[in-house]
Amino acid sequence: MDPATIRTRFAPSPTGYLHVGGLRTAVYAYALAKHGRGQFIVRIEDTDQKREVPGAKDKLYDILKTFGLNWDELYVQSERVGSGIYEKAAKKLLDEGHAFYCFCKPLTKDEIKENRKSKIQFRDPCHNLSKEQVEKKLAAGEKPAIRLKVPDGEFISYIDFVLRKKTSWKTDVVDDAMLLKSDGFPTYHLAVVVDDHDMKITHVLRGHDWLPSTPIHLLVYQYLGFEVPQIGHLTDIQDPSGGKLSKRKGNVAVEQFIANGFLPEAILNFVILLGWAPKDNREMFTLSEFVEHFDANGFQKSNPLFNTQKLLWFNGQYLRQKSDRELLELLRPHLKTKADDPLLLQIIPLAKSRIATLAEFEPLTRFFWQRPAPQEQISTTKEYLADALAILSKVGWNKEAIEADLVNSANSKGWNRGGYFMALRLAIAGSRISPPLTESMLILGKEEVISRLKQNLE
RNA sequence: GGCCCCGUCGUCUAGUGGUCCAGGACAUUUGGUUCUCAUCCAAAAGAUCGCGGGUUCGACUCCCGCCGGGGUCACCA
C-alpha cells in the first residue's frame with residue numbers, strides 16, 4: 001500500500017437508523033478518501049452491549065449502499081474484542097504507568113447529573129492506589145476497570161484540519177477517562193485509538209461533539225507510541241428551533257426522509273452543502289461530482305441550521321431530472337390506489353413539475369381514480385357547467401378542439417374565462433389546484449368527464 | 001459552573017489586507033408564460049460583515065476584550 005494513501009473511516013454505533021448528521025459525516029469521509037484515491041472504511045462501534053439493537057447493522061449497511069457509499073473494508077468492533085487487541089493495549093498502558101485499575105462503582109444517572117452542575121474533580125479516587133491496595137482488592141475478587149492515568153501540569157495539543165487551527169489543553173482538566181470496562185470491553189476512547197491505528201487511518205473525521213474528548217485520545221496515542229492521525233471536527237447541524245438536531249425535535253433519520261418521499265440524491269446533495277461549500281458557489285452535486293470537486297478547505301466552522309425549504313427545493317430539482325419511467329418506479333411505494341402503468345405514465349408528466357416530494361403525487365392525482373364528491377356550485381357556475389357539458393358532449397375528443405370550443409363559448413357569452421374553467425376544474429378534479437384541465441380530461445375519458453359534470457348539475 | 005468551538009442578508013454560503021457602498025443559492029415580493037397550481041424566465045427587496053478597541057496608508061479579512069450561539073464534562077458512543 002502506498003504510504004501516502006488516504007484512509008478514512010465512518011464509525012457509527014448501530015442505533016437502528018442513520019442520523020442525517022451521520023450521513024453527512026460519512027459522505028465527507030468518503031469524499032476525502034476517494035478524492036485522493038484512497039480507501040473508505042466502515043467500522044461499527046458496538047462495544048456497549050447494553051445498547052445492542054437487533055438488526056441495526058444490516059439496516060445501516062443497506063442505507064449506506066442506497067447512497068452509494070460503498071466501503072473498501074468493513075469491521076465490527078465487538079467481533080474484535082476476542083482477539084485481545086484492546087486488552088493488550090490497556091495492559092501496556094497499565095504496565096508503563098499510564099493507566100490504573102479502578103474499583104469504583106459506576107456513577108448512577110443522578111450522580112452524573114449532580115456532577116455536571118459543578119465539576120471540579122478530574123482525578124479518580126483510584127488514581128493513586130498503591131500496589132498493595134490493588135493486590136488486596138484483586139485477591140478479594142473485585143473486578144476492576146482500567147482508567148487512563150492523566151498527569152497534571154502538562155499540555156497537549158493538535159491541529160484540526162477542519163477548523164484549520166491548533167487547540168491545546170492543560171492536562172489538569174483532562175479526565176482520568178475509562179478505557180476498559182470491567183466487562184472487558186473497551187470504551188470508545190480506547191477502541192478508537194487502537195482501531196484507527198490498527199486500520200492505518202490517516203484522517204479522522206467526526207462530529208464536533210467529539211472535540212472535548214480529543215485530549216484523552218491524544219494522550220492514549222502518545223502513551224501507546226502511535227502516530228497521531230490528522231483529526232478534523234465537523235460542525236453540528238442545528239435544529240431550526242435551536243440546539244442540536246435531535247430525534248425529539250423532528251426528523252433526523254435518513255430512512256424517515258426517504259419514507260416521506262425524498263430522493264437519496266437530494267438528501268445527499270442537501271447534506272453535503274450543510275457544512276461544506278465550494279469556491280464557485282455551485283449547488284448541484286452528485287456523489288461522484290462531490291468526490292471530484294472535494295476540497296478540505298471548503299469545510300465550514302460554524303454550525304448550520306437544518307433548512308427543510310432548501311431540501312424540498314433540491315428534491316424538486318432531482319425529481320424533475322427523472323424520466324417518467326424512473327419516476328413510476330420511485331412512486332410505487334407511495335401509491336395508495338392500484339393503477340396500471342400505462343395510466344400512470346400518462347399522469348406522471350402532468351404531475352412532475354407540481355410535486356416537491358414523491359408523497360405529494362398521490363393526493364394531487366387522486367381524482368383520476370376516485371371521483372370527487374360533487375362540489376358546492378352556485379348558480380352562475382351551474383350555468384358554466386351546463387354550457388361546458390353541451391360542448392364536451394359533441395366536441396372532437398382532442399386537446400385542440402376541446403380548448404378551442406370551450407374558450408370560444410366562454411368568450412362569445414362574455415364570461416370570465418378563469419371562472420369558467422375553474423367551475424369545470426372543481427367539478428372534474430374536486431380542487432382549485434390540479435394538473436392541467438384538458439390533459440386531465442383526455443386521460444379521464446369523455447364518458448367519465450361527462451358524468452362528473454352531470455353529477456355536479458343535479 | 002469548568003473546558004472547548006464558532007459569529008457575513010431570515011437560512012446555506014463566496015470572500016485569506018485594497019478589485020466589496022460585499023457576490024451566489026433557498027425562502028420572500030413583483031412581472032412574464034398560463035384555464036388553476038406549479039415549472040420555467042426576468043427583476044426587486046434583503047447584511048452599518050455580533051459589539052468595542054487596537055495594528056495598518058487601508059480590515060469582513062490580523063490582534064485583544066466583551067457579548068451572543070453551540071458542544072462537552074458516564075464502566076454511552
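Don't overthink the numbers, they just go from 1 along the chain as shown.
Heads up, the Cβ atoms here are built off N, Cα and C, so glycines get one too.
TrEMBL lists A:6-313 with the feature domain 'Glutamyl/glutaminyl-tRNA synthetase class Ib catalytic'.
Marked as motif ''HIGH' region' by TrEMBL: A:12-22. Beyond the ends of the motif ''HIGH' region' (A:12-22), by six or more residues, the same chain brings 42, 44-46, 48, 51-53, 55-57, 59-60, 63-64, 207, 236-237, 245, 252-257, 267, 271, 306 to within a C-beta distance below 8 angstroms of the stretch.
Residues 19-21, 209, 236-238, 306 of the same chain sit 6 or more residues outside the motif ''KMSKS' region' (A:244-248) yet have a Cβ under 8 Å from a Cβ within it. Sequence annotations record features per position, and here TrEMBL assigns motif ''KMSKS' region' to A:244-248.
What TrEMBL records for A:Lys247 is ATP binding site. The secondary structure of A:Lys247 (ATP binding site), as reduced to three states from DSSP, is coil rather than helix or strand. Sequence-distant contacts of A:Lys247 (ATP binding site), defined by Cβ-Cβ distance under 8 angstroms and a gap of at least six in the same chain, are A:Ala253.
Summarising the annotation, TrEMBL assigns domain 'Aminoacyl-tRNA synthetase class I anticodon-binding' to A:326-455. Here the domain 'Aminoacyl-tRNA synthetase class I anticodon-binding' (A:326-455) has, by DSSP, the following mix of helix, strand and coil residues: 95 helix, 0 strand, 35 coil.
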Helix, strand and coil residues within the motif ''HIGH' region' (A:12-22) as assigned by DSSP: 3 helix, 1 strand, 7 coil
Overall pLDDT for the domain 'Glutamyl/glutaminyl-tRNA synthetase class Ib catalytic' (A:6-313), taken as the rounded mean: 94
